[in-house]
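Asks: Below are the features I grabbed from TrEMBL:
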type     : residues : note
TRANSMEM : 66-85    : transmembrane segment
TRANSMEM : 92-113   : transmembrane segment
TRANSMEM : 153-174  : transmembrane segment
TRANSMEM : 180-198  : transmembrane segment
TRANSMEM : 264-284  : transmembrane segment
TRANSMEM : 296-318  : transmembrane segment
TRANSMEM : 325-344  : transmembrane segment
TRANSMEM : 350-374  : transmembrane segment
TRANSMEM : 386-407  : transmembrane segment
TRANSMEM : 422-444  : transmembrane segment
Amino acid sequence: MSETENPENQSPDLLPDPRWKLLVFYLCFYGFMTQIRPGESFITPYLLGTEKNFTKEEVTNEITPVLSYSYMAVLVPIFLLTDYLRYKPVLVLQSLSHISIWLLLIFGTSILAMQFMEFFYGITMAARVAYSSYIFSLVTPSHYQRMASYSRFSVLMGVFTSSVLGQLCVTFGGTTFMTLNYLSLGFMCFGLILTLFLERPKRSLFFNRREPVCNGTTPSELDKMNAGKPPWYKAPSWQKLVFIRMLKELGTIVRLPQLRLWSLWWIFNSAGYYLILYYVQILWNEIYPTRDNRKVYNGGVEAASTLLGAITSFAAGYVKIRWTLWSELVICLVTAFQAGLLLLMNTTANIWLCYVAYIFFRGSYQFLVPIAIFQIAASLSKELCALVFGINTFLATVLKTIITIIITDKRGLALSVHPQFYVYFGYFTLLAVVYLAASVCVAVRHNSCRKPQEAATAKELCSPVNEVPSEEKNTELATSEA
């Protein structure tokens, strides 16, 4: 039995709760139930319909942009409060914000009310970090990967179930969008009750840790950074000092090529991806402006795209290539494919073709997400990994907000949805060209480095004194491939 599995060799801080399996199951059930919002897929047609009767310009240029502003404003405070308050209070805040969203959707009648709705929506999006990191406080490091997959799967299945339920209610039950919103409000109230029964963990990644362990177990990144330091770091303010030290540590880590490449992909591509998600329902309404709710298939499309995203995310784990050589080219091909899908979505008059293009757009993005997570996290501890993803997400949000201010907001260009999608098409095309240039540079550099190696290898083969036994060669080859 390894040290990480032997309770006698572990710090009390790392010992799992004896009820950890039950706690993980409850957390996954909570994650599933809080995603049951059947009215979410139909918010845009609801706002543009007779029940609210907002204009397309109001929804596009005044209401929806608030989501990006809100998300950027609350992301960093919630990221820090999540760890400092140990998850549960932020999850309660998320549930209260969800309830506020649906109360405003049901009873709000003004643009200001809908802007507040988007503000609370930004809070719920930023608070997702509390759910995704909560599970790490319940299990030992040897279970992180499997438990994280369980929690992510429960969320995806909740989104899928919610979308299917909403579509069935609208198409076959003749349910109004207002009724779906009441139904969503009921599920969100139930989610708040579930949140109250979550246990508040005793530890977290940054601000709630015990002293570094000295019993032979593997130290965390924080413990490594404080190894050999004088006892001043144990003062009440040591957490803040360590946090600053971790930021400085990122200065050296960012020089790693794969970490830098996939972090840039996360920043630039996810910014464009979420802008598409925010405005695609407006595009659908522009292409197919039906007043018959039974012919609005937003829920079915979201369900199909979620299912395809889950499948492609799972399949990405089995892709075996030399990522140090082919990462730029793979990103280039996927980004170029997404650019083509955006052009198709914006130029077609067939709503079903637009639906299919959107499904493949989301699926292609989800294919690269687990690869990016692995490439970024491969050489980092969980503390630094959380910090890197937090910084990447914040920078992506800043970029997304800048784009929103320039092209969408009424104080900027205030473009309608079709010109917006032309801008997004140009954005992804530019990214594809940059990735293509980077892949060419990597190929040229690889070839230039391989020729001297081949010459040296040929010289070694001609010298029997320097000949390396075959078994040692295989060992060296395996090491270099790894």
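In case you wondered, yes, glycine gets a Cβ from its N, Cα and C as well.
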Asks: Please work out which recorded stretch in 66-85, 92-113, 296-318, 325-344, 350-374 has the most C-beta pairs separated by under 8 angstroms from the transmembrane segment (422-444)?
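Replies: The stretch with the most contacts is 325-344.
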Asks: Between 92-113, 180-198, 264-284, 296-318, 386-407, who has the most Cβ pairs under 8 Å to the transmembrane segment (325-344)?
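Replies: Looking at each of 92-113, 180-198, 264-284, 296-318, 386-407 in turn, the most contacts to the transmembrane segment (325-344) are made by 264-284.
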Asks: Mind checking which residues reach the transmembrane segment (153-174)? Cβ under 8 Å, same chain, six or more beyond either end.
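Replies: Contacts with the transmembrane segment (153-174): 28-29, 31-42, 131, 180, 183, 293-294, 296-300, 302-303, 306-307, 309-310.
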Asks: Between the stretches 66-85, 180-198, 264-284, which wins on the count of C-beta pairs under 8 angstroms to the transmembrane segment (350-374)?
Replies: 264-284
